[in-house]
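Features of the protein shown, as given by TrEMBL:
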type: DOMAIN; residues: 2-64; note: domain 'HTH iclR-type'
type: DOMAIN; residues: 65-248; note: domain 'IclR-ED'
Amino acid sequence: MVQSLKRSMEILELLRDNTHKYTIAEISAKAELPPSTVHRILQTFCEMRYVTRDESSHTYELGPALIPLGRSAAGNYRIQDAALPLLKKLAFTTREDTYLVIRVGDKGLVLQKVDGPNHLKVVEEFGYELDLHCGAIRKVLLAFQPKDYIDYYLEKCVPNPDAFPQISSRALKVELDEIRRDGIACSYGEYVHDACGIGSPVFGPDGKIEASVGIIVPHSRIAEKVQLDRLKKEVASCASELSYFLGNALPRR
């Protein structure tokens, strides 16, 4: 690995935090590099317009030359491509089938699936659609939608006498608030008897929800809280890592 290039890219990664403009001293402390080294790297990035300097505050932020690079990368990098190796990893660590789900209208659609090695399964196939309030992996998609859409869904789609599970708008709203607070959703037997779903949100570079990832597990395999907590942690980590690959924030450790 070329250490000088690695140090330079670490500085760019640090500047991805668009809530704060950094001074050389702050970058030096966070990157654990001498101020003189940081200054030389920033000078080069500024010349190439990958970084811009605020002359009044002597702080630095990402520059406009990165915008076309990001657009080109995004155009060649579908969410399925980014998700597949992470879903495989999640299937390996949990031994369960793993899913990538997106919102299509008022439904949640399975866009990607990876089979886990456990033989006893809850089968849900690629392309399968269900209402957004059915199961944890879809419900987490609903929870992080804009407020206007959630209000519309609660009014128009719930209650629906033909839908399953039956739930009141008031109860669903409380559950969605809890999902937003916790950053993860769990469901029990909502559309498949004796099944547990765990879902976590995937965010894009603009902070908006892009998809959800999760697993569906026979309830008999998570009889103890410690088992459920471990699976929730694995699912949340997968979603966080996928969000990071899509350009959102830093992955949780």
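Glycine too: its Cβ is placed from the backbone N, Cα and C atoms.
Bear in mind that TrEMBL entries carry predicted annotations, made automatically and left uncurated.
Break the domain 'HTH iclR-type' (2-64) down by DSSP state and the numbers are 34 helix, 9 strand, 20 coil.
Across the domain 'HTH iclR-type' (2-64), the model assigns an average pLDDT of 90.
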